[in-house]
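Okay, structure first, notes after.
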């Protein structure tokens, strides 16, 4: 009989990180049910709207989704869709379907996450025609690969892999026709913060090393050294979620520095309060009428403790350093 595998602290931490994927999906489902933004696909990944989320959380997710989409869409347009996107720690994200609907499909869209998360996502896709049909529509050959931990079509690929194992990650992406010569956008949302500084540094360095024309968009915590930041850390620790990479989240400068130290030419970062104030204000006014917000200071504190940082390198001179808010 095989020896029983010991369940380590790392396993517990990884499991806690995997549950954050469900949290994000449920929060997005609730916010879209209230009309903050449209996402007709999120319903297939979260069975019900779930319990009520506060207006602060809903506005926070609105800012996150709009901010990340702004940079992603700008990159795809700049490359005239002749590019690829790699969503690191993608979870149950629906961006592929949105880009297809909006005629902003890159040459290929890759997603990477823990194999157990990927298995769940693939199961949803296989059992829900509204998810599988758009993939089939963008696939022209006979060889659509589908197994428990990977899906590969002409334009969409999901890979089960550990982002801390760069060699394995690189091999799997290249196996599924990742092209280092194409302009490439990396997307990570609350992913690097769960890796140790050396692990995330290796990942960011690999991205800069492998692609000559690329952009990295990273959404995660910032200003974590103050009291509010400490409370956020303690709340997550109670759920066995350790922010192993929190030292890069001390300031906007430390967020930029992680890219500039690992081979990226240009880096910038803004907190979400600033980004919220730079989003199209007619739409911000619309969502602010959806729910009454009692605690404006709480929303401000929350948004000041998240950020989007982005970095570019641009051998093809596409003008990537000009992409901003």
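Cβ atoms are placed via backbone N, Cα and C, with glycine included.
Copied over from TrEMBL, here are the features:
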| type | residues | note |
| --- | --- | --- |
| BINDING | 64, 89, 162, 163, 189 | S-adenosyl-L-methionine binding site |
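Overlay of TrEMBL feature records on the structure.
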residue : record                               : Cβ contacts under 8 Å, 6 or more apart
64      : S-adenosyl-L-methionine binding site : 189, 219, 272, 306
89      : S-adenosyl-L-methionine binding site : 112, 113, 163, 188, 189, 190, 191
162     : S-adenosyl-L-methionine binding site : 114, 168, 169
Extent of the S-adenosyl-L-methionine binding site in Å [max Cα distance among 64, 89, 162, 163, 189]: 24
Protein Cβ atoms within 10 Å of residue 189 (S-adenosyl-L-methionine binding site), excluding its own: 21
